[in-house]
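The structure appears right after this line, and notes come after that.
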Amino acid sequence: MERDNKSTGETMEFLLLGFSELLCLRVLLFPIFLIVHLVTLAGNVMIFMAVVMEPSRPPMLFFLCQLSVIELCYTLVIVPKALLGLIVVDGSTISFIGCAAQMHLFVTLGGAECFLLVAMSYDRYVAICQPLHYVAVMSEGLCLRLAVACCLGGFAVALGLTVAVFRLPFCQSHHINHFFCDVPAVLHLACTQSYTPELPLLAACVLLLLLPFLLILTSYVCIAAALLHVTSSAGRGKAFFTCISHLSITLLHYGCATFMYIRPKSSYSPARDKMVSLVYTNITPLLYPLIYSLRNEEIRGVIMKMLRRK
């Protein structure tokens, strides 16, 4: 088929179909998405402000502050366009450059979160396995370098993936059956029958999902081995309790991401992908502040102090 993306980014557009097939449910979906979006923003802003106002910030709170910033940017990149798609009857248009920018930001933030979860697992490993050296190892300088490395790593992988995707020849139909420019949905428009276009996505999944998950798993194997030598059941329970929030978020994040991206193009299902993406981009950012505020004593104390100051 003729390559249809030879024109410049200014003249080429995509049409995000969104939830155009759910005409009867739009009136119900829009207020639900809007309320979830506002609550997510409020929860992450509260955690961010509480940590910033705290004069002494331990490493875990520093990483949690960065996680809140990532989730704030994450929802702002995806949700407003999804809400617009619920208002416009026939779907909303997005330019070639805008679609590429949205995909790049989405993958950058998701990749930065994957790397940040590795840094948080390393923090838990040092706290439990090397408690006497914790202050010296997890210094402010190391935490800052890890935070910058997470962002730069996500940016680099996302840039390579986005360039590879948008250099593909697209069919004449530019209708993206999704509410944002997700990688599988855009790849589905590529005019090729080979599996070559999926290789950049596979490489990105290895770098952003598989390797970070293996590092997190290694950290928790070491933590479990260290806890076996703790004779007190109360001590083991306290150590495990400090990890439960991070474990919950890790399983939620990697579970959804693995289901969405680690699969062949032939198994692509627009309806299923949109529902999973809906949970991934709306529900999980809402759950993160709840998980940490309910399970983490430090963040609860910081939030209570901030509210008392107010």
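The backbone N, Cα and C atoms fix where each Cβ goes, and this holds for glycine too.
According to TrEMBL:
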type	residues	note
DOMAIN	43-292	domain 'G-protein coupled receptors family 1 profile'
TRANSMEM	28-53	transmembrane segment
TRANSMEM	60-88	transmembrane segment
TRANSMEM	94-122	transmembrane segment
TRANSMEM	142-166	transmembrane segment
TRANSMEM	201-228	transmembrane segment
TRANSMEM	240-263	transmembrane segment
TRANSMEM	275-294	transmembrane segment
Of 60-88, 94-122, 201-228, 240-263, 275-294, whichever stretch has the most CB pairs under 8 A to the transmembrane segment (28-53): 60-88
Rounded mean pLDDT for the residues that make up the domain 'G-protein coupled receptors family 1 profile' (43-292): 85
Same-chain residue ranges lying at least 6 outside the transmembrane segment (60-88) that approach it to Cβ under 8 Å: 16-20, 26, 29-30, 33-34, 37, 40-41, 44-45, 47-48, 51-52, 54, 94, 102, 105-106, 109-110, 112-113, 116, 119-120, 123-124, 127, 140, 143, 146-147, 150, 179-180, 281-282, 285, 288-289, 292, 296, 298-299, 302
